[in-house]
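Engineer: The structure follows.
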Amino acid sequence: QNKEKWDFVLVSDIHEMGSEKEIKRRKFLDELSKKGFTIKKIEDTKLFYGVHAPLDILCKYQSLLENPGRRQQNSSIHQDIPMTTRIRVVHFILYNTVTSDLEKLQDLMKKKVFETAFPLHETEKISELLKENWALWRTIFKKEPVENIRYYFGEKVALYFIWLGWYTYLLVFAALAGLVTFVAGTTVFSSSQVSKEICDANTTIMCPLCDQKCPFWVLSDTCTYAKVTHMIDNEATVAFAMVMAIWATVFLELWKRKRAKVVTKWNLYGWDEEEEELALELINNSQHTLRQYEHSYFRSTIVLVLALLMIVVLIGIAHALVVYRVVAMALFTQSQLELLREHANTVAVMTGAVLHYITIIVMTKVNRFVALFLCDLEKPRTFYQRENNFTVKIFTFQFFTNFSSLIYIAFFLGRINGHPGHYVRIAGRWRLEECHPSGCITDLFIQMAIIMLLKQTISNIMEYLIPWISHQLRKKHKRPKKRSMMLGEEEEAEDPCKKQWLDNYELNEVNIFSLFNEFLEIVIQYSFTTIFVAAFPLAPLLAFFNNIIEIHMDAIKMMRLHRRMVPRKAKDIGIWLQVLEAIGILAVIGNGLVIAITSDFIPVQVYKYMYSPCLRENRTGMDCSTGYINNSLSVFRTQDFDLYIKVPNLLPEFDRDQIKECRYRDYRNADDYTYTAQFWHIFAARLAFLILFEHVALCVKLIAAWYIPDVPHKVKNEFLLKKHSNLHDEL
């Protein structure tokens with residue numbers, strides 16, 4: 001049978017006749033009827049109102065926007081209006097219809113007059129196709145049916161999937177490069193000269209790592225840690241960081257080309273979102289007064305100040321995490337458990353990373369609230385403008401939430417903690433953490449690995465399980481029991497729409513942020529894959545596996561667990577492109593800083609070319625980094641310890657009174673503990689490398705951007721021909 005088509009369904013509780021809510025509901029539905037809408041009511045445990053738009057509204061839309069060149073022709077063009085267009089137009093009118101009390105649907109929902117409004121999932125061929133060929137786990141390696149997605153969910157969702165698919169495809173190359181770097185690191189696992197020296201240093205006595213219960217210790221105890229560090233921190237990493245800077249540019253340039261092709265095929269290249277919104281406003285109300293653009297410097301200043309305040313709060317949270325690690329380290333080293341005492345540093349780093357993950361989850365909610373509040377202050381003119389403003393703010397806040405503690409570990413840890421006899425302390429009591437003698441990069445590696453793994457596993461499981469469980473609960477909860485039939489009573493025929501409407505109502509709610517959340521999640525992941533990738537070469541590989549699952553999880557959520565999204569037109573991914581370009585530049589700076597500051601690459605090179613035994617004796621078979629570890633440790637006289645240090649007599653082979661001096665990682669003189677000339681040499685080399693690396697990488701990025709045109713020549717020629725033929729016809 002031919003089912004009636006309903007564009008939207010409004011849901012309301014059953015209110016008493018004559019109550020305020022019932023009157024408001026009637027007023028709203030009357031306004032819709034005046035505009036020519038057909039309304040159908042079905043009663044269940046709630047009231048359902050199906051809304052069907054009159055043809056003339058949709059014809060107006062088509063003649064205003066879709067067929068400017070064919071206005072003179074007959075009206076047969078109006079027969080076939082895509083469902084996505086219908087839903088979009090009806091959605092706009094529903095949310096912008098004003099009752100006689102000057103209330104819109106949004107206000108009525110706040111006052112609980114209506115509970116919700118949603119478009120229906122279709123039962124037609126296309127939705128069955130999508131369910132069978134796309135929204136199933138077994139289709140994980142099939143190509144995405146982009147055209148079908150577009151006809152069902154609109155261009156915006158289709159572009160999201162094209163972009164995500166393209167990003168995932170290009171991640172293959174980044175993941176391979178990362179894997180090669182990591183494997184290259186594992187081959188030098190035991191052969192690195194620096195880690196050999198650490199493993200052989202069984203007579204090098206190091207200064208205690210904490211104040212109370214830490215003994216002097218031997219450098220060779222940390223042999224494994226040193227090997228792991230040199231697995232991550234070697235020459236291959238520098239090349240990999242450079243490759244990733246180029247990869248980020250190439251990815252964006254190729255995406256621009258892909259997008260130009262797709263949008264031209266859809267005939268949306270010259271589409272204008274502002275014109276679309278104006279047309280919808282006029283169709284909804286022909287007396288509509290135009291709201292013009294405004295800009296207030298006062299309002300912008302307030303927004304800027306509040307945004308900066310929020311960033312300060314986020315950095316404050318990162319400081320709190322640092323304090324946690326310092327205090328945890330002090331407590332773990334005084335613990336009764338020997339295992340905890342020995343691995344105090346690693347345990348503190350790991351628990352710190354888990355805590356960081358929890359703050360990310362909590363602050364995401366807070367950030368969203370603050371960003372929305374700031375958007376309301378700005379009073380943007382159109383929905384698109386509001387969305388762009390919101391995107392920039394929330395991304396900035398999320399960036400600081402995710403990265404401020406990584407920035408501390410990468411660039412400040414172990415550089416601001418003073419030296420034995422003169423440690424920097426929090427509240428005059430707790431000593432700041434130090435780096436391991438073989439460098440800080442492993443701490444960064446652990447932190448990145450934990451956060452990426454937690455984000456990708458837990459967040460993905462929650463993202464799928466929560467909608468699935470809530471859908472199952474709604475199913476159980478909403479269905480009323482069938483009443484038993486009495487003898488001789490005839491069963492009344494159930495309305496065919498009722499089941500479909502109820503099924504859709506039981507699905508999870510979607511809102512304007514549903515797609516936004518998916519974008520934000522992937523863009524933050526993109527930041528992890530590019531910004532500190534020098535410290536964690538496996539990031540692209542993790543991202544690749546995550547995305548393959550993500551694409552199908554999103555498909556299943558959209559088709560099977562969530563109500564249908566309101567289809568929206570779009571010709572690109574919006575302001576996210578600028579956000580990705582900004583991340584590309586941050587990636588060059590971030591990786592340059594990681595290699596120059598966090599890694600031991602520069603100190604080793606300075607030692608090789610300025611201080612190594614190769615310079616004094618010309619031995620060809622000798623590794624020039626021989627003696628590096630001894631050179632990088634300074635000497636401290638134990639009589640100069642400050643009052644806080646109480647060294648226990650835990651190690652039987654050492655007599656505490658016989659140890660006159662211990663070693664620590666720094667370049668300081670033995671007599672007055674000032675910096676040596678070598679410290680300043682290394683400092684200058686770090687700066688020089690940073691400037692060189694960033695300029696070279698940025699130049700390569702610019703060359704890549706120039707080399708790959710944004711718009712393919714085919715697309716350009718297509719437009720050229722169109723212009724030519726139009727002018728020719730006019731002539």
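Each residue, glycine too, has its Cβ placed from N, Cα and C.
Heads up, TrEMBL stuff is auto-annotated, nobody curated it.
Just so it is clear, the model here is predicted, and its values are computed rather than measured.
Below are the features I grabbed from TrEMBL:
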DOMAIN    83-145  domain 'Anoctamin dimerisation'
DOMAIN    149-718  domain 'Anoctamin transmembrane'
TRANSMEM  157-184  transmembrane segment
TRANSMEM  236-255  transmembrane segment
TRANSMEM  301-327  transmembrane segment
TRANSMEM  347-374  transmembrane segment
TRANSMEM  394-413  transmembrane segment
TRANSMEM  523-552  transmembrane segment
TRANSMEM  573-597  transmembrane segment
TRANSMEM  683-708  transmembrane segment
Engineer: If we skip the immediate neighbours and take only residues 6+ beyond the ends of the transmembrane segment (236-255), which ones have a Cβ under 8 Å from one of its Cβ atoms?
Structural biologist: 163, 166-167, 170, 173-174, 177-178, 180-181, 184-185, 530, 533-534, 537, 540, 577, 580-581, 583-584, 587-588, 591-592, 594-595, 599, 601, 693, 696-697, 700-701, 704-705, 708, 710
Engineer: For the transmembrane segment (157-184), which recorded stretch in the set 301-327, 523-552, 573-597 gives the largest number of Cβ pairs separated by under 8 Å?
Structural biologist: 523-552
Engineer: For the domain 'Anoctamin dimerisation' (83-145), how many residues does DSSP put in helix, in strand and in coil?
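Structural biologist: Per-class counts: 32 helix, 3 strand, 28 coil.
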Engineer: Apart from its near flanks, which chain residues at least 6 from the ends of the transmembrane segment (394-413) lie with a Cβ under 8 angstroms of it?
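Structural biologist: Answer is 307, 310-311, 314-315, 317-318, 321-322, 352, 356, 359-360, 363-364, 367-368, 370-371, 433, 435, 440, 443-444, 447-448, 451, 520, 523-524, 527-528, 531-532, 535, 579, 590, 593-594, 597-598.
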